[in-house]
Amino acid sequence: MTDNRVENSSGRAARKLRLALMGPAFIAAIGYIDPGNFATNIQAGASFGYQLLWVVVWANLMAMLIQILSAKLGIATGKNLAEQIRDHYPRPVVWFYWVQAEIIAMATDLAEFIGAAIGFKLILGVSLLQGAVLTGIATFLILMLQRRGQKPLEKVIGGLLLFVAAAYIVELFFSQPDMAQLGKGMVIPALPNPEAVFLAAGVLGATIMPHVIYLHSSLTQHLHGGTRQQRYSATKWDVAIAMTIAGFVNLAMMATAAAAFHFSGHTGIADLDQAYLTLEPLLSHAAATVFGLSLVAAGLSSTVVGTLAGQVVMQGFVRFHIPLWVRRTITMLPSFIVILMGLDPTRILVMSQVLLSFGIALALVPLLIFTSNATLMGELVNTRRVKQIGWIIVVLVVALNIWLLVGTVMGLS
């Protein structure tokens, strides 16, 4: 009887710790459903139906492992990835890493900010510039929560992630995809032509985001409670739940586009405005509105996450700190310049995804090196199998992103 009480008590304590440590992965997961994912998944679903769903499944599994490694680095060492690079690499390398990470954070933010502005434009009927102003105000308000600590921000961003997931449950109800074909597309790899290969590379490139690799290790480095092993165990649950939700959203985006556009003959849908305007007559005004709201929620939350990531890389690499509101103001400027110049926002979204491809390997390689170092990681060091899978992911991601980059430059998209 005593043994049972002790067992029940330890089980309750483990569940309590797991719940207390839940949140960082939800912030990181937002990076996986940003407006760049909207654009890529919609184009893939409209062009090839359910045939590229398997890419989303595998990309999400890869992203899940990467985020676990990032979170584990913070737990095991008490330092984030940027700080580890600063401590172990020569100063010129560190400065190079800082500059490229800042550029990538700004490119990411550009896509996310413009995506949210497009969402406001679609649902409110305002101009893109007015949508950008609303986006700026909303992100300032969300960032103010950071003054109260990490938990309130985790709750708001986690809530926005769940809202986007709920929105896509509604979209699936409206679009009524063929579940048998959807299941087949998730498990049977298919690349019917070179354009499909290009889009598959785009889906992967839009899924694995370098800025959240830096950010996640920062979100877990100050976690308290339990042993390191217990914190790591709780974090794996956090990542599994958050990334499963993000994976569902990406699958639902592509499946909705397939059901609504591909099988109705609208295979040329390539931008967010067009997707919104086509959804209304095909499904309903409600379906189009839900799409617009989900785009706003994803854009707002991901642009906040991008601002936080930029702060982490600056503090980590060069020990320099500026207030979040100053960083938010500076990183908004490129978005307003793009809008005022009248550039195509969807094309800017795509170009920003290509720019991100440069930073993925630069973040992944040191992450794998550090998490495979027994001196740094102790009992949380990577197993041989994790190392092997990690390096396979690095090679695959680099190869596909080179393909994506070359294809974009050559105008194959």
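Placed from the backbone N, Cα and C atoms, the Cβ positions cover glycine too.
According to Swiss-Prot, the feature topological domain 'Cytoplasmic' maps to 1-19, 72-95, 146-155, 221-238, 298-327, 371-387. What Swiss-Prot records for 20-39, 52-71, 96-118, 126-145, 156-175, 197-220, 239-258, 277-297, 328-344, 351-370, 388-406 is transmembrane segment. According to Swiss-Prot, the topological domain 'Periplasmic' annotation covers 40-51, 119-125, 176-196, 259-276, 345-350, 407-413, on the basis of sequence analysis.
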Selection from 156-175, 239-258, 277-297, 351-370, the stretch that has most Cβ pairs under 8 A to the transmembrane segment (197-220): 351-370
Seg_contact(the transmembrane segment (20-39), the transmembrane segment (96-118)) with at least 3 CB pairs under 8 angstroms, min sep 6: yes
Top Cβ-contact partner of the transmembrane segment (328-344) among 96-118, 156-175, 277-297 (pairs under 8 Å): 96-118
Annotated stretches the transmembrane segment (52-71) and the transmembrane segment (126-145) touching (3 or more Cβ pairs under 8 Å): no
Remote residues contacting the topological domain 'Cytoplasmic' (72-95) - C-beta distance under 8 A, at least 6 residues beyond either end: 101, 213-214, 216-223, 228, 231-232, 235, 312-313, 315-319, 363, 366-367, 370-371, 376-378, 380
Tertiary contacts of the topological domain 'Periplasmic' (176-196), as residues 6+ beyond its ends and Cβ separation under 8 Å: 47-54, 56-57, 251, 255-256, 258-259, 412
